[in-house]
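Student: I'd like to ask you about the structure that follows.
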Amino acid sequence: MRLRTSLGVASACASVASAALKVTEDNSTITLANDRLTSTFAKDKGRVSELFLDGQDLLGPISGNTGVGPYLDCYCIPSGFYTAGSTDPRLEVVQGTDSTGTKYAGVILNDTYTPTGQQFQQYWFLRDGETGLHTFSRLAYYNETTPFLRNLQEFRTLFRPNTELWTHLTSSEAQTAPLPSKEAIANEVVVQDATWRFNNTPNDAYYTQFSEYFTKYTFSNLWRDNSVHGLYADGTNSNGTTYGAWLVMNTKDTYYGGPLHSDLTVDGIVYNYLVSNHHGEGTPNITNGFDRTFGPQYYLFNGGKGSKSSLEDLRSEAETLADPGWNADFYDSIAKHVIGYAPSSKRGSVQGQVKLPKGSTRPIAILTVDGQYFQDNSVEASSHQYWAEMGQDGTFQLDHVKEGKYRLTVFADGIFGDFVHDGVEVQAGKVTKVQETWEQESAGVEVWRLGTPDKSSGEFLHGDAPDPTHPLHPPQHFIYWGAYDWQQDFPNGVNYTIGSSDPAVDFNTVHWSVYGPTPANPDVEYDTTHDWTINFSLDKKQLQQRKTATLTIQLAGAKTAAGNTDVYNATEPYANLALESYINEQKEPLTLLVGFNQSSSCIVRSAVSCYQVRSRMEFPADWLNVGNNVLTLHLPRNATDYETAVLPGTVYVQYDALRLELA
């Protein structure tokens with residue numbers, strides 16, 4: 001039996017039950033409930049207004065946009081932010097039995113933003129026997145009069161509680177902390193956009209255990225590494241019973257940016273960031289005919305019923321669901337309700353092996369839109385993406401891949417460059433075989449390398465190394481950049497010697513043009529920041545009969561005056577940023593130009609891996625000396641931009657790895 005009820009007009013109270021699953025409607029609300037989870041939707045807002053697990057209120061009282069969710073909002077109308085359901089929310093109920101014999105019920109929000117005609121849909125589904133909500137989100141734009149509207153800058157769903165129930169937030173084992181107390185928040189000091197200092201409440205648990213600084217970016221993560229994040233209640237405010245609220249990324253194919261996309265996860269709100277440019281990656285344009293359905297993802301609520309389970313145990317339970325094969329039969333059954341969702345009948349698999357270069361570690365195989373760099377797949381708004389960790393023999397398997405043509409990209413820690421193969425055809429119901437060999441790039445004999453090519457600047461000072469000053473030891477880069485003191489770390493600037501210096505101590509995770517001011521130091525430093533020195537020695541044998549040298553620089557991120565907007569501003573002299581490399585006494589530099597559309601807000605938003613930029617620069621080998629040599633890495637001195645938010649104006653680059661080759 002399938003029941004479909006339009007709820008745009010108020011109706012009398014009605015209840016339809018199927019086993020434990022029940023749908024109830026009155027003039028103002030719709031309620032979906034099974035034996036354990038009850039979710040109530042407000043008709044006038046088009047969002048979840050109440051959520052109970054085993055009788056425990058998970059949201060708390062509504063206050064503005066808190067005490068609600070999951071709900072959908074965006075930064076996508078001409079003026080900026082919009083919450084779906086704000087104009088003319090129309091809710092619709094669907095019910096049925098899926099192919100496994102399990103009852104389900106769903107609520108679908110339909111809303112149109114009248115000034116532009118943008119259509120929003122948000123889907124929530126509850127199954128019998130589950131304690132979570134399956135979600136899909138859709139945006140459509142059909143407007144021939146204004147064929148280009150703007151970019152889709154943010155598109156997200158939010159679980160936004162307003163209750164003392166939740167005590168901890170977590171996005172990984174290393175990013176787990178107590179939530180700051182009300183007292184800490186009341187006495188916080190703003191130090192940057194969405195960043196606060198808790199120095200006025202030094203006894204707060206967050207301060208003593210995790211950090212003096214709090215920012216939502218501390219809990220951001222790469223999509224490669226992130227499948228589950230959320231909130232935990234340790235029982236302090238729930239009579240000893242523990243609870244978890246999790247966003248489970250069981251599918252990632254409708255996000256953009258591939259496995260290196262990083263985004264916000266949790267900060268007291270549990271986010272599902274479907275689209276954003278927080279760390280500088282591209283976003284799709286909203287043009288006539290744009291029609292995109294994101295999902296599914298799953299908001300899981302667990303614990304309860306006297307649970308004493310730890311945060312780690314409840315998170316592990318959520319992690320078991322973070323698999324695109326989980327509930328695939330159910331999603332096939334509800335595809336008839338979800339506009340734009342591709343069921344299994346439109347999906348195939350890719351099975352392959354790429355012979356890897358010697359020294360490869362953590363290899364990964366990525367499918368993204370054909371003909372485009374994998375971080376740029378948002379240029380094709382309808383594109384899908386997939387990736388899988390590879391075996392050390394280069395084997396990989398990708399299932400549930402939507403039919404179409406893809407680019408295969410492989411990269412691995414320890415190897416410069418990527419393997420790229422276009423034209424991988426995926427057909428529904430079939431297995432596509434791939435057999436390739438990755439011949440790593442080479443410009444001769446490698447003389448030296450600095451850093452590990454791994455798409456990250458985390459191996460350098462204040463990167464991935466754990467913070468020794470707090471017992472939870474978060475990686476240092478997750479903490480606000482201003483917690484560190486450049487003048488103390490590098491009073492004479494960076495002067496690194498190949499073979500004797502320690503990259504974790506003597507090479508910073510970010511090359512600033514300007515540093516400061518910080519909360520602890522009002523000084524602004526630009527004399528020791530913009531030029532870095534790398535010393536290296538070559539013997540006569542290394543240079544014998546060598547004609548060409550090649551310097552490779554890979555950047556894990558770079559911020560130009562364009563910030564993360566991808567917009568060129570002619571009034572900003574550093575919209576395109578030149579990183580210049582000077583060899584010994586040569587007057588002409590080798591130049592890596594970071595374009596305005598390659599810029600990212602990386603370290604200032606607590607990240608060490610953002611939009612990747614690289615260059616291989618040749619020069620005559622006779623520029624090099626037998627004996628001592630000096631490479632100077634130069635950024636423009638005191639180069640800044642105009643910032644509308646409370647953010648540092650300096651430009652900067654973050655090195656992934658460098659190497660010198662001779663041929």
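Indices start at 1 and increase along the chain as displayed.
Placement of Cβ uses the backbone N, Cα and C atoms for every residue, glycine included.
Note that the coordinates shown come from a computational prediction; the quantities given were computed from them, not determined experimentally.
Taken from Swiss-Prot, the feature signal peptide covers 1-19, and the record attributes it to sequence analysis. Annotation comment: Swiss-Prot describes Asn27, Asn110, Asn143, Asn239, Asn285, Asn495, Asn535, Asn569, Asn597, Asn638 as N-linked glycosylation site, evidence class sequence analysis.
Structural setting of the listed features?
Tutor: According to DSSP, Asn27 (N-linked glycosylation site) sits in a coil region rather than a helix or strand. A 10 Å cutoff on Cβ-Cβ distances gives Asn27 (N-linked glycosylation site) a total of 10 other Cβ atoms nearby, all chains included.
Same-chain residues at least 6 positions away in sequence with a Cβ under 8 Å from that of Asn110 (N-linked glycosylation site) are, in sequence order, Pro89, Arg90, Leu91, Glu92, Gln119, Phe120, Gln121.
Taking the Cβ of Asn143 (N-linked glycosylation site) as reference, residues of its chain lying under 8 Å away and at least six apart in sequence are, in sequence order, Thr116, Gly117, Leu149, Asn288.
Following the DSSP three-state reduction, the secondary structure of Asn239 (N-linked glycosylation site) is coil.
Taking a C-beta cut-off of under 8 angstroms and a sequence separation of 6 or more, Asn285 (N-linked glycosylation site) has the following same-chain neighbours: Phe148, Leu149, Arg150, Asn151, Leu152, Ala381. Classification of Asn285 (N-linked glycosylation site) by DSSP places it within a strand.
Around Asn495 (N-linked glycosylation site), the C-beta neighbours below 8 angstroms that are at least 6 residues distant in the chain are Asp506, Trp532, Thr533, Asn535.
Taking the Cβ of Asn535 (N-linked glycosylation site) as centre and 10 Å as the limit, one finds 15 other Cβ atoms among all the protein chains shown.
In the three-state DSSP scheme, Asn569 (N-linked glycosylation site) is classed as coil.
Here the Cβ of Asn597 (N-linked glycosylation site) has 17 other Cβ atoms within 10 Å, regardless of which shown protein chain they belong to.
The Cβ of Asn638 (N-linked glycosylation site) lies under 8 Å from the Cβ of Ser513, Val514, Tyr526, His530, each of which sits 6+ residues away along the same chain.
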Student: Could you check what DSSP calls Asn638 (N-linked glycosylation site) once collapsed to helix, strand or coil?
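Tutor: Once the DSSP labels are grouped into three classes, Asn638 (N-linked glycosylation site) ends up as coil.
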Student: Quick one: give me the count of other CB atoms within 10 A of the CB of Asn569 (N-linked glycosylation site).
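Tutor: Within a 10 Å radius of the Cβ of Asn569 (N-linked glycosylation site) lie 14 other Cβ atoms.
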Student: Quick one: what's DSSP say for Asn110 (N-linked glycosylation site), helix, strand or coil?
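Tutor: Once the DSSP labels are grouped into three classes, Asn110 (N-linked glycosylation site) ends up as strand.
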Student: What are the non-local neighbours of Asn239 (N-linked glycosylation site), defined as same-chain residues 6+ apart in sequence with CB under 8 A from its CB?
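Tutor: None - Asn239 (N-linked glycosylation site) has no non-local Cβ neighbours under 8 Å at 6 or more residues apart.
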Student: Can you tell me how far the Cα of Asn569 (N-linked glycosylation site) sits from the Cα of Asn27 (N-linked glycosylation site), in Å?
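Tutor: For Asn569 (N-linked glycosylation site) versus Asn27 (N-linked glycosylation site), the Cα atoms are 51 Å apart.
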Student: Roughly how many Å separate the Cα of Asn597 (N-linked glycosylation site) from that of Asn27 (N-linked glycosylation site), to the nearest whole number?
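Tutor: Computed Cα spacing between Asn597 (N-linked glycosylation site) and Asn27 (N-linked glycosylation site) is 50 Å.
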